[in-house]
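Noted in TrEMBL for the protein shown:
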type	residues	note
BINDING	GLU94, HIS97, LYS210, GLU211, ASN214, GLN228, HIS243	chlorophyll a 1 binding site
BINDING	ARG99, LEU179	chlorophyll b binding site
BINDING	ARG216	chlorophyll a 5 binding site
Amino acid sequence: MAVAMGRALLLHPCFTSRNTHNPYSSLAADTLWSAAKTGPRHPLTVAQAQPRPTWLPGLDPPPYLDGSLPGDYGFDPLGLGEDPNSLKWYVQAELVHARFSMLGVAGILFTDLLRVTGIKNLPVWYEAGAVKFDFASTRTLLFVQLLWMGYAETRRYMDFVSPGSQAKEGSFFGLEAALEGLEPGYPGGPLLNPLGLAKDVKSAGAWKQKEIKNGRLAMVAMLGFFVQAAVTHKGPIDNLVEHLSNPFHNTIIHTLSN
């Protein structure tokens, strides 16, 4: 009887630790109890899944944003993507805006750098649309741009509605093989993916993630360019040079206060 009482007292703390200690103490108790019953064969192992990153730490993402989309951090405060069809369209819309923003930011910075350094006599970016060219009138340029952009956007929409329909033979002046429309929004091919960085679009998750992250950063940068132009009436390189000349005085706070 003394041996039984001693065994009960010895095992009693293992049971109470489940309710009064942390989960690791509970795991230790389970391991000890299993070892006491079956012998020291294999300790029990418990693996806990790490929570996915969200745009606001601790916030539960909506159920329709399950992390399967590139750059999905559960950000949809207005619930615009609750409808699956709307979510697909918003994904494509964000992707296109991101790519245009990356091109716009690169073009604005490059031409502004040429202008500020005096290498090329160019207008500031927000006045470039008013420049008259000798080879064509503004009306002609506008018509050509609307024609080609309208054609490209119509084909993109048709491929969104019916994926793969725009890659059929004879549908794009014989250049279908050079585009390789593998997935809506990712045409690929030698023309749009000359380095072959993502030959298999289905498994190019890392490249998609990098593209959408840089695209979102570019959209924020474009918004900054718009605000800078409206407030300072200068280009981004001019603003940067002015800020670096006196970092503690030429700031956004001083500019807005004046």
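The backbone N, Cα and C atoms fix where each Cβ goes, glycine too.
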Roughly how many angstrom lie between the C-alpha atoms of ASN214 (chlorophyll a 1 binding site) and ARG99 (chlorophyll b binding site)? 9
Between the C-alpha atoms of GLU211 (chlorophyll a 1 binding site) and ARG99 (chlorophyll b binding site), the distance in angstrom, to the nearest integer, is 8
Which of ASN214, GLN228 has the fewest nearby Cβ atoms, counting only those within 10 Å, among these binding-site residues? ASN214
CB contacts for HIS97 (chlorophyll a 1 binding site) [other CB atoms within 10 A, all chains]: 15
I need the CA-to-CA distance for GLN228 (chlorophyll a 1 binding site) versus the residue listed as 'chlorophyll a 5 binding site', whole Å please. 19
Pairwise Cα distance for GLU94 (chlorophyll a 1 binding site)/the residue listed as 'chlorophyll a 5 binding site' [Å, integer]: 8
Show which residues of the chain containing HIS243 (chlorophyll a 1 binding site), separated from it by at least 6 in sequence, have their CB under 8 Å from its CB. ASN250, THR251
Where the record says GLU94, HIS97, LYS210, GLU211, ASN214, GLN228, HIS243 bind chlorophyll a 1, what is the longest distance in Å from one Cα to another among those residues? 32
Just to be sure I understand the packing, how many Cβ atoms besides its own are within 10 Å of the Cβ of the residue listed as 'chlorophyll a 5 binding site'? 17
Just jot down the residues in the same chain as ARG99 (chlorophyll b binding site), at least 6 apart in sequence, with C-beta under 8 A of its C-beta; none if empty. GLU211, GLY215
Within 10 Å of the Cβ of GLU211 (chlorophyll a 1 binding site), how many other Cβ atoms are there? 19
Between the binding-site residues GLU94, LYS210, whose Cβ has more other Cβ atoms within 10 Å than any of the rest? GLU94
